[in-house]
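Taking it in order: structure first as structure tokens, then the write-up.
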Amino acid sequence: MKRHLISAADLTRDDALLILDTAEELSRIADRPIKKLPTLRGRTVVNLFFEDSTRTRISFEAAAKRLSADVINFSAKGSSVSKGESLKDTALTLEAMGADGVVIRHNASGAPHRLAGWVRGSVVNAGDGTHEHPTQALLDAYTMRRRLGDLDGRRVTIVGDILHSRVARSNVLLLNTLGAEVTLVAPPTLFPVSVDTWPCEVAYDFDAVLPKSDVVMMLRVQQERMTAAYFPTVREYSRRYGLDARRLAALQDHAIVMHPGPMNRGVEIAAEVADSPRSTIVEQVANGVTVRMAVLYLLLGGSEPAIGGDVTPAGVSPNGDARRRSGDASRREDA
Amino acid sequence: MSAASVPAHGPSPDSDVSHKTVLEAPDIRRALTRIAHEILERTKGGRDIVLLGIPTRGVTLAARLAGRIAEVEGEPVPRGSLDVTMYRDDLRMRPARALGRTELPPEGVDDRVVVLVDDVLFSGRTVRAALDALNDLGRPRAVQLATLVDRGHRELPIRADYVGKNLPTSTREKVKVLLAETDGRDAVVLEVPK
């Protein structure tokens, strides 16, 4: 049974294309006088945010509301979590309320996977620690496809703090599924140890990669997750790995510049680059709502989810193999 | 047929149904021409009409009807497509489906006579969903319904204004509309389970 969206690796190529095609059709309702569809009427979506987020939470909320779902927002601040309630107890509370879908953001990698073993509804990972952020990868792929067409054979360069980035991991997995070639660029200290097992290339020289890129995606330097000195100074980082006007000029004419936000203007991306017509940064936010509508519709709209991966019951460590295993059908009931 | 040639899980799709062609290409052509004229008559020369096809084959039929009407009246007819998937009442009985396209002509639907076009009218549930979808797109002055085949068995109080062919069927049978644009040839086929 396909039920959750926890990793971009949960999606087959057909799943991913179905989401992108669905989003393409849904994008049209943004131009309508009534920007609402009755599809998820009577379904409840809980936004469970244990970590600060503006755009992702609002984006999921808007997506669920445009599909007429009931939305319950839960943020860790001001909740029983600050009184020491565990994730499991929070999950059981949600279960008692009858949540059909749970959107979770958590600072611990693997939290959505654990949650999926405890609740009956579909779990959507909205970012867990330094692990994954699959809907961001989907909206990025959607944005690329709108600007460039089919992603097969496209070259995507992702630059910056790969080590702390869940966006990078999800993008590498999804873009690989969609047939694009990904190159990661960062100082050696900002690559995770296991990066050689990822389906992508690794480079240290940004300037050498620029001319052959169709997409350059800049990642935020995540100061809040940096507990050690990963580079000498911000200025040096910016000089070697920042996207400025000079580097923008080295790109091919059709190439686009992306950033998942929030940006540190002047660090990884120059203000003039962020505001240039080749930047898709504002588009990415708008596309986020559409893509999340597609994900919620495909997970919750029918008798059973049309996309996503299964999760074995709690107790199995979150790794790719365990996630793919089927079983546990007895626990599944239709809401 | 010998047992050995039958796959383990039931016979192949073709062996347990018989196909009967009820409309050939010329019949479909004549039916559409007649419907086009009826639309013009009923709407006093097609003033303010918008043809909205329901994907997939309704869109093709709407395009053909628009062509016929334009031939007669000498003016193009606004047309578009109306996907009803998100408004269906049976969404929760099956896994979520891929969506079709909703595309309105620039004129919109407000204060216009919308003619919904579908290939087969059966339970009427698709048309109900289309009326709901239309409600979110604007306020037409009137809504009419054109269908190539009316096969009966309505489950809702819905009736077509323009019908290509009334086809009495049993609920066990299936009506398939084939159109050159999507299926390579024009025909209406009745599939009867043996």
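Including glycine, each Cβ sits where the backbone N, Cα and C put it.
Per TrEMBL, the feature domain 'Aspartate/ornithine carbamoyltransferase carbamoyl-P binding' maps to A:3-145. Look at TrEMBL and you will find A:R55, A:T56, A:R105, A:H133, A:Q136, A:G261, A:P262 tagged as carbamoyl phosphate binding site. What TrEMBL records for A:K83, A:R166, A:R220 is L-aspartate binding site. Look at TrEMBL and you will find A:153-299 tagged as domain 'Aspartate/ornithine carbamoyltransferase Asp/Orn-binding'. Annotated region 'Disordered' per TrEMBL: A:309-335, in sequence order. According to TrEMBL, the compositional bias 'Basic and acidic residues' annotation covers A:321-335.
Most other Cβ atoms within 10 A: among the binding-site residues A:T56, A:Q136, that distinction falls to A:Q136.
Counting only same-chain residues six or more apart in sequence, the Cβ atoms lying under 8 angstroms from the Cβ of A:R105 (carbamoyl phosphate binding site) belong to A:L48, A:F49, A:F50, A:E51, A:S53, A:T56, A:R57, A:A126, A:G127, A:D128. The carbamoyl phosphate site, placed at the center of the C-beta atoms of A:R55, A:T56, A:R105, A:H133, A:Q136, A:G261, A:P262, has further neighbours from the same chain whose C-beta lies within 8 angstroms: A:S53, A:S59, A:A126, A:G127, A:V167, A:P260, A:G288. Its Cβ placed at the centre, A:R55 (carbamoyl phosphate binding site) has 15 other Cβ atoms within 10 Å. Sequence-distant contacts (6 or more apart, same chain, Cβ under 8 Å) of A:H133 (carbamoyl phosphate binding site) comprise A:N125, A:A126, A:G127, A:R166, A:V167, A:S170, A:P260. Within the same chain, residues at least six positions away from A:P262 (carbamoyl phosphate binding site) with a Cβ under 8 Å of its Cβ are A:T54, A:R55, A:R220. Sequence-distant contacts of A:G261 (carbamoyl phosphate binding site), defined as residues of its own chain at least six apart whose C-beta falls under 8 angstroms from its C-beta, comprise A:R55, A:R220, A:I281, A:Q284, A:V285. Following the DSSP three-state reduction, the secondary structure of A:H133 (carbamoyl phosphate binding site) is coil.
Summarised by DSSP class, the composition of the domain 'Aspartate/ornithine carbamoyltransferase carbamoyl-P binding' (A:3-145) is 67 helix, 28 strand, 48 coil. Broken down by DSSP into helix, strand and coil, the domain 'Aspartate/ornithine carbamoyltransferase Asp/Orn-binding' (A:153-299) contains 66 helix, 24 strand, 57 coil.
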